[in-house]
């Protein structure tokens, strides 16, 4: 049975917080595009504007889409578990592909312009995030979507998977903030301290990034907003508890 006979309605506060997170996420993407379009000249691949592909792709992929992927289990509370898993995995795939484009763009731009690679804290954190994100997705696919992993193995790994997902998302937000500050210092220099319009807009963008990360994290950590166990999951959970604690159904 894929869904309970009487689906539990989503808490009203959860719906408001999810809607607020989406407004923040879309505002982050829109403001990033505005910053790049108004102050950085726009986006193009075969020109000096190729660098601008990098921040836009990273914001869309590793911040907005990754955050939404984490919220899937809160939003789709009563849908079939496998459907929710597939959506969760697909959003991560889209995030990975978009982030990969952004990564290729910055390395290619550095090669063309003769700039050094991987010398800054932002770049080190960025590579770490990208590698962790890929490994997390690969292991998650193997454990939760690829047929063959036992229920006991999934149950033991699930807490680590949930923790790493949240940690990678927060590290992504932090890395984006580092990159934003690095770009402002590189482009504006001493003018940054004179309240240049570009600096003010980018500071607001940074606050929106932090707010999006905080709201997503709050939604994820509210225990009463977790996806309720479905009938099949409850049965499997009881079987696993029986096996691991050495009890038998007849002893209950």
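Heads up, the Cβ atoms here are built off N, Cα and C, so glycines get one too.
Per TrEMBL, the features are as follows:
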type: TRANSMEM; residues: 12-33; note: transmembrane segment
type: DOMAIN; residues: 20-221; note: domain 'Cytochrome b561'
type: TRANSMEM; residues: 53-74; note: transmembrane segment
type: TRANSMEM; residues: 86-107; note: transmembrane segment
type: TRANSMEM; residues: 127-149; note: transmembrane segment
type: TRANSMEM; residues: 161-180; note: transmembrane segment
type: TRANSMEM; residues: 200-220; note: transmembrane segment
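Counting only same-chain residues 6+ beyond the ends of the transmembrane segment (127-149), those with a CB under 8 A from a CB of the stretch are 62, 66, 85-86, 89, 92-93, 95-96, 99, 103, 118, 157, 161, 164-165, 168, 171-172, 175. If one looks beyond the transmembrane segment (200-220) by at least 6 residues along the same chain, the residues whose Cβ comes under 8 Å of a Cβ in the stretch are 14, 17-18, 20-21, 24-25, 27-28, 31-32, 34-35, 38-39, 59, 63-64, 67, 70-71, 74, 166, 169-170, 173, 176-177, 180-181, 183-184. Residues 55, 58-59, 62-63, 66-67, 70, 121-122, 125-126, 128-129, 132-133, 136, 139-140, 143-144, 202, 205-206, 209-210, 212-213, 216-217, 220 of the same chain, all 6+ positions outside the transmembrane segment (161-180), place their C-beta atoms under 8 angstroms from a C-beta of that stretch. If you take every residue in the domain 'Cytochrome b561' (20-221) and average the pLDDT, you get 94.
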